[in-house]
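Per Swiss-Prot, these features apply:
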- PHE21, ALA55, PHE56, GLU57, CYS79, VAL80, ILE81, PHE112: 5-amino-6-(D-ribitylamino)uracil binding site (BINDING)
- ALA84, THR85, ARG126: (2S)-2-hydroxy-3-oxobutyl phosphate binding site (BINDING)
- HIS87: active site, proton donor (ACT_SITE)
Amino acid sequence: MNFEGKLIGKELKVVIVVSRFNDFITGRLLEGAKDTLIRHDVNEDNIDVAFVPGAFEIPLVAKKLASSGNYDAVITLGCVIRGATSHFDYVCNEVAKGVSKVNDQTNVPVIFGILTTESIEQAVERAGTKAGNKGAEAAVSAIEMANLLKSIKA
């Protein structure tokens, strides 16, 4: 038997957890995610957005929303850009671990759409220019994973 997630968003309920920090990037990621969800037939009324101060706060809010039973998928969006200190490494590691842990604890797909870049230029490239829009890519993954899990439960 093969299990496969279809890219049809009809009847899915999705929440996006997005960081306000580096909002000139995360705003573009959010636009890309919402546009992609709608293009794949997710009803706009079935897309909720939760804003958090920074990337570090994403896992806690993602867990609360995933545990609510109200959503088929959670998309996490943020942008951490390397600076002159080791803060970047700590934040990136903990956020990645936190999002992964939410997947394990809730059985709701929590998609990692958090940019971890070496420069502002790299972030801009991944927010809708040269390297596509990682928010849009996260939305496609959310639809596929939500439908895949539904097919396994059936």
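Residue 1 is the first one shown; counting continues down the chain.
Glycine is treated like the rest: Cβ placed from N, Cα and C.
Swiss-Prot feature annotations superimposed on the structure.
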| residue | record | Cβ within 10 Å |
| --- | --- | --- |
| PHE21 | 5-amino-6-(D-ribitylamino)uracil binding site | 18 |
| ALA55 | 5-amino-6-(D-ribitylamino)uracil binding site | 27 |
| PHE56 | 5-amino-6-(D-ribitylamino)uracil binding site | 19 |
| GLU57 | 5-amino-6-(D-ribitylamino)uracil binding site | 19 |
| ILE81 | 5-amino-6-(D-ribitylamino)uracil binding site | 17 |
| ALA84 | (2S)-2-hydroxy-3-oxobutyl phosphate binding site | 6 |
| THR85 | (2S)-2-hydroxy-3-oxobutyl phosphate binding site | 8 |
| HIS87 | active site, proton donor | 12 |
| PHE112 | 5-amino-6-(D-ribitylamino)uracil binding site | 19 |
| ARG126 | (2S)-2-hydroxy-3-oxobutyl phosphate binding site | 24 |
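The most densely surrounded of the binding-site residues CYS79, VAL80 is CYS79 (count of other Cβ atoms within 10 A of its Cβ). For the pair the residue listed as 'active site, proton donor' and PHE21 (5-amino-6-(D-ribitylamino)uracil binding site), the Cα-Cα distance reads 14 Å. Farthest C-alpha pair in the (2S)-2-hydroxy-3-oxobutyl phosphate-binding residues ALA84, THR85, ARG126: 23 Å apart. Across the fold, the C-alpha of ARG126 ((2S)-2-hydroxy-3-oxobutyl phosphate binding site) and the C-alpha of PHE112 (5-amino-6-(D-ribitylamino)uracil binding site) stand 14 Å from each other. Counting in whole angstrom, PHE21 (5-amino-6-(D-ribitylamino)uracil binding site) lies 17 from ALA84 ((2S)-2-hydroxy-3-oxobutyl phosphate binding site) by their C-alpha atoms.
In three-state terms derived from DSSP, ARG126 ((2S)-2-hydroxy-3-oxobutyl phosphate binding site) belongs to neither a helical nor a strand segment and is classed as coil. The DSSP secondary structure for GLU57 (5-amino-6-(D-ribitylamino)uracil binding site) is helix. In three-state terms derived from DSSP, ALA84 ((2S)-2-hydroxy-3-oxobutyl phosphate binding site) belongs to neither a helical nor a strand segment and is classed as coil. Look at PHE112 (5-amino-6-(D-ribitylamino)uracil binding site): DSSP puts it in a strand. As a whole number, the greatest separation of Cα atoms within the 5-amino-6-(D-ribitylamino)uracil-binding residue list PHE21, ALA55, PHE56, GLU57, CYS79, VAL80, ILE81, PHE112 is 16 Å.
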